[in-house]
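Data block below; observations after.
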Amino acid sequence: MPIKIPDDLPATSVLEAEGVMVMREADAVRQDIRPLRIGLLNLMPNKVTTETQIARLLGATPLQVELTLVRMTNHVARHTPADHMLSFYCPWEEVNDQRFDGFVITGAPVERLPFEEVTYWDEMRRVFDWTQSHVHRTLNICWAAQAAVYHFHGMKKYDLPAKASGVFRQRSLVPASPYLRGFSDDFAIPVSRWTEVRKSDIPADSGLKVLVDSTETGLCLLDDPRHRSLHMFNHVEYDTTSLADEYFRDIQVQPEAKVPVNYFPGDDAKRPPENRWRSHAHLLFGNWINEMYQSTPYDIERIGKV
């Protein structure tokens, strides 16, 4: 099934060119089914790139998805045109009376700050609490995953001695998990972060389950059944060139920045990288949506009440 997004969203032409089925508003109303309502709280600097990445993965599943783009209420995006934000994004305070089958919260370029020093931290805490009454399934990515386990479980984040940047091998630890259906035992995922949360800090009574980790970069994916959440600490959604874009940006201000590990062929930044994680990105999002579809109420107003 296709993904339903605003007709004029820049992602529309990109996804259609890739063969992703995009549904126009007029076409959607003719289908006699309830689409899954999924919100995307986009905290990344380049909103257009990130919304396209997430829409690509949501739109590849067999179910009709209606995507709502959400921003923090009072935070002003500095790297995305104001008219784009005004046209396509809703402040969280304008949607917090609505219910969603799924909600995705992205990473943010604030991970080196203590959580309490992030300007929108108070609202972020309210968002996390709101997901418990208005969202059926939540997927937190990178900084949002760190923030969620700090908010719900008191797990601290730690500075790394150097930025973890590259494509690192990961291990599937719970093959029977519905979220890992179809996963290889060993696979690669992009990592791009300055901080980490540690397996040793997981509270014994938290109910958290480590689904995926790495001997090099630690925790990758946690299942949090009590909060109906998945916490993905890495960037499975990244495009082929995302790490390259970050690297070339970084060396403009930090010439000694290291080349992302296991990314460019032969670690030669002049050679185009190859994507080795695309299939597992689609598997994760497909499995997450399937689990959501199997258990979400048909009457969306019952979300949070059953």
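Heads up, the Cβ atoms here are built off N, Cα and C, so glycines get one too.
The annotation active site, acyl-thioester intermediate is assigned in Swiss-Prot to Cys142 on the grounds of sequence analysis. According to DSSP, Cys142 (active site, acyl-thioester intermediate) is assigned to coil rather than to any helix or strand. The Cβ neighbour count for Cys142 (active site, acyl-thioester intermediate), using a 10 Å radius and every protein chain shown, is 25.
Annotation note: His235 (active site, proton acceptor) sits in a coil segment as assigned by DSSP. Within its own chain, His235 (active site, proton acceptor) has Gly107, Ile141, Cys142, Ile189, Pro190, Val191, Ser192, Ser242 as residues 6 or more apart in sequence whose C-beta sits under 8 angstroms from its own. The annotation active site, proton acceptor is assigned in Swiss-Prot to His235 on the grounds of sequence analysis.
Around the Cβ of Glu237 (active site), the same chain contributes Thr50, Gln53, Ile54, Leu57, Ile141, Ala281, each under 8 angstroms and 6 or more positions distant in sequence. Taken from Swiss-Prot, the feature active site covers Glu237.
Counting only residues at least six positions away in the same chain, the Cβ atoms of Ser192, Arg193, Trp194, Ala257, Lys258 sit under 8 Å from the Cβ of Lys163 (substrate binding site). Annotation source Swiss-Prot lists substrate binding site at Lys163, Ser192, Arg249.
Per Swiss-Prot, the feature site 'Important for acyl-CoA specificity' maps to Glu111. There are 19 other Cβ atoms within 10 Å of the Cβ belonging to Glu111 (site 'Important for acyl-CoA specificity').
According to Swiss-Prot, the site 'Important for substrate specificity' annotation covers Ser192. According to its DSSP assignment, Ser192 (substrate binding site) is in a strand.
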Lys163 (substrate binding site): secondary structure state under DSSP, collapsed to three categories: strand
Output field, substrate shell: CB within 8 Å of site CB centroid, site Lys163, Ser192, Arg249 dropped: Ser165, Leu243, Glu246, Tyr247, Asp250, Ala257, Pro260
Glu111 (site 'Important for acyl-CoA specificity'): secondary structure state under DSSP, collapsed to three categories: coil
Sequence-distant neighbours of Arg249 (substrate binding site) in its chain (C-beta under 8 A, six or more apart): none
Ser192 (substrate binding site) CB neighbourhood, other CB atoms within 10 A: 19
